[in-house]
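Colleague: Please find one structure pasted underneath; my questions will follow.
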Amino acid sequence: MSKRKEFDEDAPVDPSDLLEFINLGAGNEVGRSCHVIQYKGKTVMLDAGVHPAYTGLSALPFFDEFDLSTVDVLLISHFHLDHVASLPYVMQKTNFRGRVFMTHPTKAVCKWLLSDYVKVSNVGMEDQLYDEKDLLAAFDRIEAVDYHSTIEVEGIKFTPYHAGHVLGACMYFVEMAGVNILFTGDYSREEDRHLHVAEVPPKRPDVLITESTYGTASHQPRLEKEARLLNIIHSTIRNGGRVLMPVFALGRAQELLLILDEYWNNHLDLRSVPIYYASSLARKCMAIFQTYVNMMNDNIRKIFAERNPFIFRFVKSLRNLEKFDDIGPSVILASPGMLQNGVSRTLLERWAPDPRNTLLLTGYSVEGTMAKQITNEPIEIVSLSGQKIPRRMAVEELSFAAHVDYLQNSEFIDLVNADHIILVHGEQTNMGRLKSALASKFHNRKVDVKVYTPRNCVPLYLPFKGERLVRALGKVAVHKPKEGDIMSGILIQKDANYKLMSAEDLRDFSDLTTTVLTQKQVIPFFSSMELANFHLKQMFGYVKQSKTKAGQPQYTVMDAITLTLIQEHKLALEWVGNIMNDTIADSVITILLGIESSPASVKLTSHKCNHLHSHLDKPPKVSKEEDRIKKLMMFLDNQFGESMTKTEKGVEIKFEKYEASIDFSTMKVECSNEALRSRVVHVLSRAINTILPFSEASQNDVSEDDFENEESDDDKIFEQQTKIEDDVKNENKTEPVEEQKSEEKNEQPNLKKEELS
């Protein structure tokens, strides 16, 4: 029989068994997404975007750090610029010779989107990454694929699945030489008005490459989010203001337009307020959305059966900003979403000084962009011409970015169940928080799940053995395993052959024999064995006691680790070497080496010093009673503050017209008002209850003989506390003040140690 061989971390790794992953972009950042996977001589590139905060060559991924001629397949997840805008540069300006794939909607939108990117790029000809000619040449080589269809290229298989981010967005399930990899791209697990949620592939991947855009943040539920969005817009309009919503030309803008169009339809008072979509590109691409309705969810299909939902009833296209009649309230969705330039930046500079207006940020804001800067609500902003403009308009953030939050990401990671998780597409802080959260979550799992956050241009190596045939022999092969059964034994490799057998069969089926390794370690030890026994019991619960042939005490921890005092100040530990015993031994050694510095050890072994030290300065003598009174005063002062006054016998507490007095010699409370008296009695008893255990414990001797005492210190302290609290309450039972005064002269303080014991 045979079984797939799993990777052994302790085994030597052949370089050919290492999967290499490298970020050329989007490593500890958001922008210029580009990732490369190499394994068994095959290379896959995932996405090729630009960084929205930079221009020209500086916006590109670090293509110079990798030989692009080795790339077999380039897979594009969706049409956003930070994932696709450098694709024509790769295909036309480098030595890339591989094949490029994306879904049909992505290819249709990309043609218009990248053409617009070339036109509006705010750079000179010398810094332009590519021109229209390069774009057309590149698109002739791009191949479109359908969801759920498996394509094989040069031994590499990949299947696209719905990602739920924008129309056409997909995640890729890639198979390379027996290793399964899932790349999510940007994805969403929250169903909206027109897109499918991200799918969970039917096969389990070995490696998951997932976004970390929002780290450990949590999104509002969709309905609450929509309600807040509409409330902000409606409130701004009622105040006579304008609403600016910077958006990407395509993607989430269509979702927002669907929400606004429906809201305007249900509110007659808003129909006179115009909604504008300021993007000529979006107008051109709207036909694509109308074409690919069959790739959207059931909600939009039902509406489409009656009318085309993307032919909006209350949304107008703003063709020319110069002809825009900017009078009265309005709502404008304008690109670009990062406010770096274009219509959205022009309107921001125009509307920023008016406090009635609102800037509504609905997407993720990348570091280094105006969208990110204005979230800090600065007093002024700098215009594209360099002028300072006062910022009085309100700034609101509400994420409709269709990225997963922590709960959605964590749930998806659990469903996918990969052993290796690589986080990309996230700022360093968010990515670090997500890694820590996942590491804590996976801490107690039986299978070790590893989480990685590689930086740009820093390769990550993951060891994977390819598929191997393993022969099960001897006792291991007696019972035929069923699907899902786990087989255990010793795996023997000789040349390219693998055999699985039990330890008893090694002599029969191999040239190997077995032996037991006994570990022994000697450590310095300056405490007593009784003290060691005490601390080990605290940790492990049960410690077996015995003696050596020489009569030396010997302890056995967890039936695995044996401790013997071999000579003065030297303690020997012995155990049979294995993972569990080694771990227990490490814990035992740590405890033993820390005994001398343990506060418990100091308390248990401390004794009174009964002789004089004439060479030392004598501290001022403070009686035990004075020390108690001092601590008691501190406690009462914290409770009653300025209401308390010190007297000869104790203290006096005044509250409005009532007075209560405490006599420290008897601990009696006198007061004509029962409510105040009860309060003071309660506080006094709590004070004594708090102070006594520590002051008494610090004065008492504790010998090593106490270790075996069945009555714990906690029990003694509890008895003392109970007795004192009862004494105070009994002494302070309600009695006539005259009778109490007559008895005070003969009473002794009831806090003396002799009475307690």
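Positions of Cβ are set from backbone N, Cα and C atoms, glycine also.
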Colleague: Can you tell which of HIS104, HIS162, HIS165 Swiss-Prot lists as binding Zn(2+) 1 with HIS78, HIS80, ASP186?
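Modeller: As annotated by Swiss-Prot, HIS78, HIS80, ASP186 share the Zn(2+) 1 site with HIS165, chosen from HIS104, HIS162, HIS165.
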Colleague: From HIS267, HIS420, HIS425, grab the residue that Swiss-Prot records in the same Zn(2+) 2 site as ASP82, HIS83, ASP186.
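Modeller: Candidate in the recorded Zn(2+) 2 site: HIS425.
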Colleague: Where does HIS78 (Zn(2+) 1 binding site) sit by DSSP, helix, strand or coil?
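Modeller: DSSP call for HIS78 (Zn(2+) 1 binding site): coil, neither helix nor strand.
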Colleague: Between the Cα atoms of HIS425 (Zn(2+) 2 binding site) and HIS80 (Zn(2+) 1 binding site), find the distance and write it as a whole number of Å.
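Modeller: Here the two Cα atoms lie 13 Å apart.
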Colleague: Compare the Cα of HIS83 (Zn(2+) 2 binding site) against each of the recorded positions HIS165, ASP186, HIS403 and report the nearest.
Modeller: ASP186
Colleague: In whole Å, note down how far the CA of HIS403 (active site, proton donor) lies from the CA of ASP186 (Zn(2+) 1 binding site).
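Modeller: The separation of the Cα atoms works out to 6 Å.
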Colleague: In angstrom units, rounded to an integer, how far apart are the Cα atoms of HIS80 (Zn(2+) 1 binding site) and HIS403 (active site, proton donor)?
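Modeller: Between the alpha carbons of HIS80 (Zn(2+) 1 binding site) and HIS403 (active site, proton donor) there are 13 Å.
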Colleague: Counting Cβ neighbours within 10 Å across all chains shown, tell me which of the binding-site residues HIS80, HIS83 comes out on top.
Modeller: HIS83
Colleague: Under a three-state reading of DSSP, tell me whether HIS83 (Zn(2+) 2 binding site) is helix, strand or coil.
Modeller: helix
Colleague: By the count of other Cβ atoms within 10 Å, pick out the sparsest of the recorded positions HIS403, HIS425.
Modeller: HIS403
